[in-house]
Amino acid sequence: MKNLNIIDSVDVDAGADDPCVYLTFDDGPNPFCTPHILDVLAQHAVSATFFVIGANAEVHPGLVQRIVSEGHGVANHTMTHPDLATCSRPQVEREIDEANRAIISACPGASIRHIRAPYGKWTEEALVKSASLGLAPVHWSVDPRDWSCPGVDAIVDRVLAAAKPGSIVLLHEDGPPGAADPTKLPTLRDQTLAAISAIIKSLRSRGLTIRSLP
(Lines of atoms letter the chains of each structure in order from A; the text may use other names.)
(Lines give C-alpha, C1' and ligand atoms only; values in the text may rest on other atoms or scores of the structure.)
Protein backbone atom coordinates (compact mmCIF):
# COMPACT_ATOMS: atom_id res chain seq x y z
CA MET A 1 0.00 0.00 0.00
CA LYS A 2 1.19 3.50 -0.83
CA ASN A 3 3.12 5.38 1.87
CA LEU A 4 3.50 2.43 4.26
CA ASN A 5 7.28 2.81 4.24
CA ILE A 6 8.49 5.06 7.05
CA ILE A 7 10.88 7.79 5.90
CA ASP A 8 13.92 8.30 8.13
CA SER A 9 16.08 10.04 5.55
CA VAL A 10 15.70 11.54 2.09
CA ASP A 11 17.24 9.72 -0.87
CA VAL A 12 20.00 12.04 -2.04
CA ASP A 13 19.43 10.91 -5.62
CA ALA A 14 15.76 11.83 -5.40
CA GLY A 15 16.22 15.13 -3.58
CA ALA A 16 17.50 18.52 -4.61
CA ASP A 17 20.54 19.02 -6.82
CA ASP A 18 22.57 20.19 -3.82
CA PRO A 19 23.10 17.99 -0.73
CA CYS A 20 20.46 18.77 1.89
CA VAL A 21 19.70 18.21 5.54
CA TYR A 22 16.13 18.51 6.78
CA LEU A 23 15.39 20.19 10.12
CA THR A 24 12.13 19.12 11.75
CA PHE A 25 10.49 20.46 14.91
CA ASP A 26 7.98 18.47 16.98
CA ASP A 27 5.23 19.21 19.50
CA GLY A 28 4.39 22.84 18.77
CA PRO A 29 3.31 25.40 18.19
CA ASN A 30 4.58 26.88 21.44
CA PRO A 31 3.98 30.61 22.03
CA PHE A 32 7.24 30.98 23.95
CA CYS A 33 9.55 29.17 21.53
CA THR A 34 8.03 28.88 18.05
CA PRO A 35 8.19 32.62 17.22
CA HIS A 36 11.89 32.69 18.09
CA ILE A 37 12.61 29.55 16.06
CA LEU A 38 10.88 31.16 13.10
CA ASP A 39 12.91 34.33 13.61
CA VAL A 40 16.18 32.37 13.56
CA LEU A 41 15.18 30.40 10.47
CA ALA A 42 14.27 33.65 8.73
CA GLN A 43 17.59 35.24 9.67
CA HIS A 44 19.38 32.36 7.98
CA ALA A 45 16.89 32.11 5.09
CA VAL A 46 16.26 28.39 5.63
CA SER A 47 13.04 26.40 5.73
CA ALA A 48 12.06 23.55 8.04
CA THR A 49 9.15 21.22 8.71
CA PHE A 50 6.98 21.60 11.82
CA PHE A 51 5.15 18.51 13.10
CA VAL A 52 2.39 20.18 15.08
CA ILE A 53 0.04 18.77 17.69
CA GLY A 54 -3.56 19.46 16.72
CA ALA A 55 -4.55 20.62 20.22
CA ASN A 56 -1.76 23.20 20.12
CA ALA A 57 -2.76 24.31 16.64
CA GLU A 58 -6.28 24.98 17.94
CA VAL A 59 -4.95 27.22 20.71
CA HIS A 60 -2.34 29.01 18.59
CA PRO A 61 -3.71 29.27 15.04
CA GLY A 62 -1.72 32.42 14.35
CA LEU A 63 1.52 30.50 14.77
CA VAL A 64 0.39 27.83 12.31
CA GLN A 65 -0.44 30.61 9.88
CA ARG A 66 2.98 32.15 10.37
CA ILE A 67 4.74 28.81 9.84
CA VAL A 68 2.98 28.38 6.51
CA SER A 69 3.24 32.01 5.39
CA GLU A 70 7.01 31.99 5.94
CA GLY A 71 7.47 29.02 3.64
CA HIS A 72 7.86 26.15 6.09
CA GLY A 73 6.18 22.78 5.97
CA VAL A 74 3.45 21.96 8.46
CA ALA A 75 2.75 18.32 9.27
CA ASN A 76 0.58 16.09 11.44
CA HIS A 77 1.80 14.98 14.89
CA THR A 78 -1.62 13.72 16.07
CA MET A 79 -4.21 15.60 18.05
CA THR A 80 -3.06 14.98 21.63
CA HIS A 81 0.33 13.19 21.31
CA PRO A 82 -0.61 9.73 22.67
CA ASP A 83 1.45 6.57 22.39
CA LEU A 84 -0.38 5.11 19.39
CA ALA A 85 0.63 1.59 20.41
CA THR A 86 -1.75 1.95 23.38
CA CYS A 87 -4.65 3.22 21.25
CA SER A 88 -7.47 1.31 19.59
CA ARG A 89 -7.95 1.59 15.83
CA PRO A 90 -10.79 4.15 16.24
CA GLN A 91 -8.63 6.19 18.61
CA VAL A 92 -5.70 6.15 16.19
CA GLU A 93 -7.90 7.23 13.31
CA ARG A 94 -9.48 9.98 15.40
CA GLU A 95 -6.08 11.30 16.52
CA ILE A 96 -4.89 11.62 12.93
CA ASP A 97 -8.15 12.95 11.48
CA GLU A 98 -8.66 15.55 14.20
CA ALA A 99 -5.10 16.83 13.91
CA ASN A 100 -5.52 17.32 10.17
CA ARG A 101 -8.77 19.19 10.74
CA ALA A 102 -7.23 21.36 13.47
CA ILE A 103 -4.33 22.36 11.23
CA ILE A 104 -6.59 23.18 8.29
CA SER A 105 -8.95 25.10 10.57
CA ALA A 106 -6.01 27.13 11.87
CA CYS A 107 -4.64 27.73 8.38
CA PRO A 108 -6.97 26.81 5.51
CA GLY A 109 -4.14 27.21 3.02
CA ALA A 110 -1.93 24.61 4.69
CA SER A 111 -0.81 21.60 2.66
CA ILE A 112 -0.35 18.61 4.98
CA ARG A 113 1.82 15.96 3.34
CA HIS A 114 3.69 14.32 6.23
CA ILE A 115 2.95 12.74 9.59
CA ARG A 116 5.14 11.67 12.51
CA ALA A 117 3.99 9.31 15.25
CA PRO A 118 4.48 10.52 18.83
CA TYR A 119 7.61 8.97 20.34
CA GLY A 120 8.31 7.49 16.91
CA LYS A 121 6.00 4.58 17.77
CA TRP A 122 4.24 3.47 14.61
CA THR A 123 1.45 0.93 14.38
CA GLU A 124 -0.12 -0.76 11.38
CA GLU A 125 -3.33 1.15 12.08
CA ALA A 126 -1.48 4.47 12.03
CA LEU A 127 0.34 3.64 8.81
CA VAL A 128 -2.82 2.50 7.04
CA LYS A 129 -4.76 5.58 8.17
CA SER A 130 -1.91 7.87 7.13
CA ALA A 131 -1.79 6.26 3.70
CA SER A 132 -5.54 6.74 3.27
CA LEU A 133 -5.04 10.48 3.76
CA GLY A 134 -1.99 10.66 1.51
CA LEU A 135 0.34 11.41 4.43
CA ALA A 136 3.93 10.18 4.19
CA PRO A 137 5.08 8.73 7.56
CA VAL A 138 8.31 10.37 8.69
CA HIS A 139 10.77 9.21 11.37
CA TRP A 140 14.27 10.70 11.75
CA SER A 141 17.92 9.78 11.32
CA VAL A 142 19.49 12.32 13.71
CA ASP A 143 18.23 12.73 17.28
CA PRO A 144 20.26 14.98 19.61
CA ARG A 145 17.72 14.33 22.39
CA ASP A 146 17.24 18.04 22.86
CA TRP A 147 14.06 17.34 24.83
CA SER A 148 16.29 16.14 27.70
CA CYS A 149 18.03 19.56 27.88
CA PRO A 150 21.58 18.14 27.64
CA GLY A 151 23.14 21.56 27.01
CA VAL A 152 23.53 23.66 23.88
CA ASP A 153 26.95 22.26 22.99
CA ALA A 154 25.70 18.68 23.34
CA ILE A 155 22.77 19.34 21.01
CA VAL A 156 25.00 20.94 18.38
CA ASP A 157 27.71 18.27 18.66
CA ARG A 158 25.24 15.39 18.40
CA VAL A 159 23.66 16.82 15.26
CA LEU A 160 26.98 17.51 13.58
CA ALA A 161 28.36 14.08 14.48
CA ALA A 162 25.49 12.29 12.73
CA ALA A 163 24.27 14.61 9.98
CA LYS A 164 24.98 13.78 6.35
CA PRO A 165 23.23 14.46 3.03
CA GLY A 166 19.62 13.35 3.30
CA SER A 167 19.51 13.36 7.11
CA ILE A 168 16.29 14.23 8.90
CA VAL A 169 17.05 15.99 12.19
CA LEU A 170 14.60 15.73 15.09
CA LEU A 171 14.27 18.82 17.30
CA HIS A 172 11.51 20.00 19.64
CA GLU A 173 9.69 23.29 20.16
CA ASP A 174 7.51 22.01 23.01
CA GLY A 175 6.65 18.77 24.79
CA PRO A 176 3.59 16.51 25.04
CA PRO A 177 0.53 18.43 26.30
CA GLY A 178 0.60 18.76 30.08
CA ALA A 179 3.97 17.04 30.45
CA ALA A 180 6.01 20.09 31.43
CA ASP A 181 5.94 22.11 34.63
CA PRO A 182 3.88 25.19 33.62
CA THR A 183 6.35 27.48 35.38
CA LYS A 184 9.12 26.20 33.10
CA LEU A 185 7.27 26.59 29.80
CA PRO A 186 8.77 30.01 28.90
CA THR A 187 12.30 28.54 28.95
CA LEU A 188 11.54 24.89 28.14
CA ARG A 189 13.31 24.92 24.77
CA ASP A 190 15.91 27.64 25.30
CA GLN A 191 18.75 25.17 24.65
CA THR A 192 17.24 24.07 21.36
CA LEU A 193 16.69 27.66 20.32
CA ALA A 194 20.27 28.59 21.16
CA ALA A 195 21.61 25.61 19.21
CA ILE A 196 19.82 26.25 15.92
CA SER A 197 22.07 29.00 14.56
CA ALA A 198 25.23 27.02 15.29
CA ILE A 199 23.74 23.94 13.65
CA ILE A 200 22.78 25.87 10.52
CA LYS A 201 26.14 27.62 10.22
CA SER A 202 28.10 24.40 10.72
CA LEU A 203 26.02 22.40 8.25
CA ARG A 204 26.42 25.13 5.66
CA SER A 205 30.17 25.16 6.21
CA ARG A 206 30.10 21.53 5.08
CA GLY A 207 28.34 22.47 1.87
CA LEU A 208 24.94 21.28 3.06
CA THR A 209 21.66 23.10 2.41
CA ILE A 210 18.86 23.11 4.99
CA ARG A 211 15.36 22.67 3.62
CA SER A 212 11.86 21.57 4.57
CA LEU A 213 10.92 18.00 3.68
CA PRO A 214 10.15 17.41 0.00
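Residue numbering: from 1, along the chain as shown.
Even glycines carry a Cβ here, placed using N, Cα and C.
Owing to the predicted nature of the structure, the values given are computational and were not obtained by experimental measurement.
Per Swiss-Prot, these features apply:
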ACT_SITE  D26  active site, proton acceptor
ACT_SITE  H172  active site, proton donor
BINDING   H77, H81  divalent metal cation binding site
DOMAIN    19-211  domain 'NodB homology'
SITE      D146  site 'Raises pKa of active site His'
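Comparing local CB density within 10 A for the recorded positions H77, H81, H172, the maximum falls on H77. In the three-state DSSP scheme, D146 (site 'Raises pKa of active site His') is classed as helix.
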